[in-house]
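Take a look at this one; I'll ask things after.
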Ligand SMILES: Nc1ncnc2c1ncn2[C@@H]1O[C@H](COP(=O)(O)OP(=O)(O)OP(=O)(O)O)[C@@H](O)[C@H]1O
């Protein structure tokens, strides 16, 4: 397999699954229009294994059988999923795109939304300088003639913890660094400076990326926002929120006069508090109270309790994470409105790009969720490949013996099955993980 990259072959097949090799170098001749022409309508397996062949099968099946299809792109972090997804989209746009249409087409808009999503949802990790920190399902809707008539981008599981916690030599989301590298007047407007001066960025010593100019990337992101229909006013609001999060992270607390209470630490912290309130256009006192107090609503009364400095920091970080993930969701909604969906479409091709398996020195709960999802996909892969290959061998009357493979079912059972272990974790219908302790079964706690 390793040798394949030297041969500059994009991959190989196992059953109808393409195993693609990341070449880690640009090979434009493998993905250009000439190549697309070759694969268009060619039988599966007729030409060299290629991501275009997979997209072609999905498209033909949709046209001939009227069935919707999904293409799953999986692999560990840095394997090349996002790049592969973009190639799939380009090829599907080539097959189902409309030529000579006035203005920008749906497929162009989907591809053009990538830089915006990447600026806000991608970050440098130890494995990948542009790692997607969210899962993405792109739905391309087609009309009865096989032309793209609408599209939608659905995102999952944005890694929220990265907003306030990063480890060396990783980075926070790209947008923070882009904004700190913007023109002086922009930085002045948002009271920003060197990324080293912000707690949410200076937990790692990595600020710049090799071969990437953040100032240029800022301009490219603005251009991409223009293209997807985000107005200047909205762009200003978006970057106000990004800057507010950086200022929020610089608010520190010290012990208050009362037991287990806290106050804003010093003048510097107060400056950041005021700036955060200004950028979020909210009342400073209310923001301060939200950080240093907790309000509990009981059936009888509303109780306000002071928070100690450690709890106030947690409250600050929780607010930063919530604001950022809402901003991200808003951006995705905005992109979807701009692209437009086709309510009459009966068939679609979906491309799922979920983020890959990860194992770091310190693995958070989010890594657990990511890896669990990847284990589920691996199980699907195992079942599919081994079953299909077996059928193929039987059909061709090939004498074969059972191939040993690592079955991860026991790992899945441990996580998702109700077992006798003291804690078990179940998937909830509404797509979030519920941690149920043994007490749940003894009816001591609620689903929260
Ligand atoms: N087909 C390709 N041709 C050239 N370079 C590629 C190709 N696929 C991937 N790469 C290189 O590998 C890097 C990692 O790829 P990509 O971001 O697609 O990985 P990923 O699997 O989506 O990772 P993550 O799960 O961390 O988001 C890219 O930035 C690019 O430099």
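Any Cβ shown, glycine's included, is placed from N, Cα and C.
A TrEMBL annotation is a machine prediction, not a hand-curated record.
Quick paste from TrEMBL:
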DOMAIN    1-448  domain 'Myosin motor'
BINDING   75, 76, 77, 78, 79, 80, 81, 82  ATP binding site
What's the number of neighbouring CB atoms sitting within 10 A of the CB on residue 80 (ATP binding site)?
20
If the ATP site is taken as the center of the Cβ atoms of 75, 76, 77, 78, 79, 80, 81, 82, which further residues of that chain fall within 8 Å of it by their Cβ?
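Close Cβ neighbours, site residues excluded: 22, 128, 356.
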Tell me whether residue 82 (ATP binding site) sits in a helix, a strand or coil according to DSSP.
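Residue 82 (ATP binding site) sits in a helix per DSSP.
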Taking DSSP as the reference, which of helix, strand or coil describes residue 77 (ATP binding site)?
coil
For residue 79 (ATP binding site), which residues of its chain lie six or more apart in sequence with Cβ-Cβ distance below 8 Å?
22, 356
Which residues does residue 82 (ATP binding site) neighbour through Cβ under 8 Å, counting only same-chain ones at least six apart?
130, 132, 353
